[in-house]
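J.: Let me begin by handing over the structure; questions about it come next.
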Amino acid sequence: MSPRHLSITGGTPLKGEVRVSGAKNAATKELVASLLTSEPVTLTNVPNIGDVEVTLAMLKHLGAKVTRTGGRVTVHASKLKTFAVTEAFSRKNRIPILLLGPLLARFGKAKIPALGGCKIGARPVDFHVEALRKMGATIDCNGVYVASAPDGLKGAVIELPFPSVGATENVMLAAVLAKGTTVIQNAAVEPEIVDLAKLLQGMGAIISLDVNRTWVIEGVESLHGAKHRVIPDRIEAASFAVAAAVTGGDVTIKDAQQEDMLSFLNALRRVGVPFDVQEDGIRVRGPARLDATTLETDVHPGFMTDWQQPFVMLLTQAEGVSIVHETVYENRFGYAEALARMGANIQLHKECLGSKACRYKNKNQRHSAVIVGPTPLVAANIDIPDLRAGFSYLIAALIAQGTSKITGIEHVERGYENILGKLRRLGAKVKVT
Ligand code: EPZ
């Protein structure tokens, strides 16, 4: 397929209603969970995005039967034919590593190729590997992860060095069928993980969230089929909220969940963006003036790192000096350079410019940003490097003077369903050639 070129002409306020799709970062993990039973698992509200495509292709390759009608996907993994994920699925996203638990449960062994995903830092999987070793697996990693646990995995007390989303999910997926009880301390508690736990409980798992970021999972003999609705995507919801605010628009974001977005909505309020929480969504309007702010990304319930890119985009239009301290990834401001070419004033710093020092103090990583605004933006030619940065560029183009030419839209389509259609329905001037 030849690369598509996108033209976006800025200057139109976004108006109307948009419905957010199911969350990528819940749906993909829940599809993996469906391998833990030989009975059918049906998920609804599954987004039609690149990362779901890749995950379903991987499940089919392992031998699962997949049926899909719109957002309804049934995975029936009655028999799996291989424990080895081939190189073809290597470097596409971060999902394959999560197959370790289910494949060890089904086969006592697993072979997983190198991981991909957005280039936003080193993104090692040492916590995953250490935790599964503690549960009795032998794992060699020489480019390919080769794991075995011929006598099955056993419960363990695992304290994660950092509340990693993927490592928490991996241990959870491995623990539901392990012998005995697993306790994950300093675990991640993101809404997408709670959603995964809800599916697993629906499949027969015994799983609870204790105080102080602790998951307790009592292993059971087997799991059964279940039906589950994937939670709405709070990253997509926040991205549209920023697009509405910064274009001076008025958008009702259907299915946006206030309880999963408290820290984002607080940040919107601090910069002066009016919003109303409604029964089935959140309405966001463009303010007369945006105020500068300071914020720090953090694990849930903090301000999530995936909201950082659209929010920095918003801050380029705020009056005064804003500071954003990224504490989850060491290298998540790469997109700032293209925004600077469009006229934004963003300086990156190696110091922790937040209220507390983070893991990247003295690590020589540019993980704090100072944004001086407001700066008018002008159209540019942009090649999208990754998913979340990609949406920020689309927002930048929506307010820039002139027509921006954009390539690499497939990165955005990995994570946002029908993104161009949704933007057009809100009035954005978007053309694809
Ligand atoms: C998930 O990535 C999401 N991806 C990311 O969203 C999200 O930014 C991230 O969680 C944080 O919320 C998916 O769910 C597919 P982590 P994950 O393990 O699980 C370090 C998007 O755009 N770490 O919580 O890979 C790691 O390097 C993506 O949808 C280790 O050091 O994130 C990072 O600095 C981008 N060793 C931090 O922890 C490990 O073994 C958090 O990573 C694991 C992680």
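For all residues, glycine too, the Cβ spot is worked out from N, Cα and C.
The domain 'Enolpyruvate transferase' annotation in TrEMBL covers 9-423. Among the features that TrEMBL reports, phosphoenolpyruvate binding site is placed at K24, N25. Annotation comment: TrEMBL describes R94, D306, V328 as UDP-N-acetyl-alpha-D-glucosamine binding site. What TrEMBL lists as active site, proton donor is C118. According to TrEMBL, the feature 2-(S-cysteinyl)pyruvic acid O-phosphothioketal maps to C118.
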J.: Count, for each of the binding-site residues K24, N25, R94, V328, the other C-beta atoms lying within 10 angstroms of its own C-beta, and report the residue with the smallest count.
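T.: Fewest other Cβ atoms within 10 Å, among the binding-site residues K24, N25, R94, V328, is found for R94.
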J.: Check the DSSP secondary structure of R94 (UDP-N-acetyl-alpha-D-glucosamine binding site), expressed as helix, strand or coil.
T.: coil
J.: Are there any residues at least 6 positions away along the chain from D306 (UDP-N-acetyl-alpha-D-glucosamine binding site) with a Cβ closer than 8 Å to its Cβ? List them or say none.
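T.: Those within reach of D306 (UDP-N-acetyl-alpha-D-glucosamine binding site), by Cβ under 8 Å and sequence separation of 6 or more, are I235, A238, R388.
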J.: Which whole number of Å gives the largest C-alpha distance between any two of R94, D306, V328, the residues noted as binding UDP-N-acetyl-alpha-D-glucosamine?
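T.: Roughly 16 Å, rounded to the nearest whole number.
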J.: Between the Cα atoms of R94 (UDP-N-acetyl-alpha-D-glucosamine binding site) and N25 (phosphoenolpyruvate binding site), find the distance and write it as a whole number of Å.
T.: 10
J.: What does the structure give for the C-alpha distance between N25 (phosphoenolpyruvate binding site) and V328 (UDP-N-acetyl-alpha-D-glucosamine binding site)? Integer Å is fine.
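T.: So the alpha carbons of N25 (phosphoenolpyruvate binding site) and V328 (UDP-N-acetyl-alpha-D-glucosamine binding site) sit roughly 16 Å from each other.
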